[in-house]
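**Student:** Features from TrEMBL:
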DOMAIN    20-106  domain 'Anaphase-promoting complex subunit 4-like WD40'
REPEAT    53-94  repeat 'WD'
REPEAT    94-136  repeat 'WD'
REPEAT    235-269  repeat 'WD'
């Protein structure tokens, strides 16, 4: 992206599936296919210190921090959610599904509730004190991506279904719709103002969708992550800036762009990193943008780069965000 970006020390040894910053400090948690969750401290200099790690019994597919920064929750192919206590360094299992758990969210709905979305076609809610869920919702298909903001939660599933939840009544699907895009959903990400969500698919396209029926005229989709040879790449991640409400997209083409949905412009395209970007995240105030460069399996196992003791193809970089690259610019005069 930028030659000045900082490389994170001692990255995972297999593909990186999720990145998440603490909401309180510049601690970065990283989920990987090597069954590990790693936690790094990002120093003001940009250097990183590996601080801790804990294990699942299978590939880890998602990781999130609690709102107070005291706990980390991760989920994975071992069909379990694990909670890591930052103070004690202990991890415990807090949730279970019948199949791999793809997504996890800490919900901010008065009490601390965990939501887990699984390939068993369900979302379960947990209060983390009990081994049984406090609520379960059946989904139309396997859960591929899930995000929440305030009382809005959105889940994207197989077969392009999108389930929207009002978390004041979390066990009922508030609105079920179809993705506006043509192909498989890769990511959903809620607007910070809770009015809608962005959705990205495998065909290099992003949809901007509002929840309220009165705002449907604002919905639009746009093409991205395509090259001059008309090759089309997957949109692997969408992250909203916590201060400005602008957003990033990252793709299998190895590029990141920052966008403003309100003025419908690209704010900043970044240079190709010469590898696929599976996941990204902003830190709590949007001054650091973390991105992983590791294989996203979009071309199958034959294209997986070899990993040797002297050459780990999995990398994480930290980009210092410039205000002018993420600030909304207002509409262009036509």
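Backbone N, Cα and C atoms are what each Cβ position is placed from, and that goes for glycine too.
What TrEMBL says about a protein is an automatic prediction, not a curated fact.
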**Student:** Where else in the chain does the repeat 'WD' (53-94) make close Cβ contacts, counting only residues six or more beyond its ends and a cut-off under 8 Å?
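**Tutor:** Residues packing against the repeat 'WD' (53-94) from afar: 14, 17-25, 27, 29-39, 100-106, 108, 112, 114, 116, 118, 126, 128.
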**Student:** As a test of reading the model: what is the averaged pLDDT for the repeat 'WD' (94-136)?
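**Tutor:** When the pLDDT values over the repeat 'WD' (94-136) are averaged, the result is 93.
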**Student:** Can you count helix, strand and coil residues in the repeat 'WD' (94-136) using DSSP?
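**Tutor:** Across the repeat 'WD' (94-136), the residues distribute as 0 helix, 27 strand, 16 coil.
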